[in-house]
Amino acid sequence: MANARSLVAKANNINVGSLILMALVFGSCVANGEYLGGRRGLAANSGNPTVYDITKFGAVGDGSTNTFKAFLNTWIQVCDSPVPATLLVPKGTFLAGPVIFAGPCKSKVTVNVIGTIIATTSGYATPEWFLFERVDNLVLTGTGTFHGKGEAVWKADGCGKKVQCNLPPTSLKFRNMKNVEINGISSVNAKAFHMFLVKTENVNIQNIKLTAPAESPNTDGIHLSNADNVSILDSTIATGDDCVSVGRGSNNVTVERVICGPGHGLSVGSLGKYKNEEDVSGIHVNNCTMIETDNGLRIKTWGGSDPSKAVDIKFENIIMQSVKNPIIIDQNYGSRGGDSQVAISDILFKNIRGTTITKDVVQIMCSKSVPCQGVNVVDVNLDYVGKTGGEKKSSSGGLVGALCDNANVIFGGKLSFPMCPK
């Protein structure tokens, strides 16, 4: 047990109470079902051996009793079950945090959230509220809500675009996992990211709702890092930062039928912030709606970056309502200076329609060192409606049109603005 505690401490730097519980989790998953002093888990005697209700393990749904130990004790049973098992959060309001659900588990695991889970406002030694790690074949489902209580910490968040900064805790992090299904749940007022997928593979997210005020800092809806084969479908994201941000080393990502806004748009990046970042490829955004977002469809890379690539990125069939900066590639993002070394190529913006509050409909501002190649802008019809939206202007609308720098841009189809001069 001491060795397990030491390993977890080095890996996660978490507090002593969580270390003890984490050690129990690891021990339970390899010790033939033994639980707390050699007693067998409850599965053998339960009337429904595959469903474990957190209230049977001490959770109190009064909104004020910290139930994180009940969550972890329930998880021990679920993870150790030899048959597929469900951790159930029933109706009620449960205060908890932080919670670590660690695997590997013996069988498929479902976490079914019906009630509301409220985060504590302090006591976080780790950068997440709920962490799922090494739990393959996980299903997170239900009609319930994760309330991050971000309003308690947003004023103290001074990260902005700083190179080095410790963000407040992410609400839901999934790390080192394969074959994950997330559907139906809601996340409200995350302290920072609502969801963060890192080193994951084969993840399907659908029918979720993520919300936070437009002014809440760094509250990305879903952030990906080294994530492969991810689908984000049929969801609503209204938050204070990117609705979806696709980060380094992510490949084969599909975003479809997502309503985004308020927020900072649907973004690839920022890329190039860290050393030796892996390439990004196969990002396809289709049939999405953007409402009063600060940016629309964006690719952003840091100046002074190490070399990497961002290729095969497609934004198609997008509706925009009073969107600022509808189409933008920004290779001077952040505060570091110097030319970006992220090579951007094979990019498509097609069938983008609606209204904008920015006269520069298209801004393709690429790196002098590695100019963008193969950027296609096709069938973009956006009407300028003034700085605050409202009445539709004439089709000319006083638009500046497109701005292009260090980029090979190919325009085609019907355009509502003047093209970049060749």
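Don't overthink the numbers, they just go from 1 along the chain as shown.
From the backbone N, Cα and C atoms, a Cβ is placed for every residue, glycine too.
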Whichever of Cys372, Cys420 is disulfide-bonded to Cys404 when Swiss-Prot is consulted: Cys420
Pairwise Cα distance for Cys372 (disulfide bond)/Cys260 (disulfide bond) [Å, integer]: 27
Within the repeat 'PbH1 4' (280-301), residues counted as helix, strand or coil by DSSP: 0 helix, 17 strand, 5 coil
Cα-to-Cα gap, His264 (active site) vs Cys243 (disulfide bond), nearest whole Å: 7
DSSP-derived helix, strand and coil totals, residue by residue, for the repeat 'PbH1 1' (200-226): 0 helix, 15 strand, 12 coil
Lowest local Cβ density among Cys260, Cys404, Cys420, which the record lists as disulfide-bonded residues, within 10 Å: Cys420
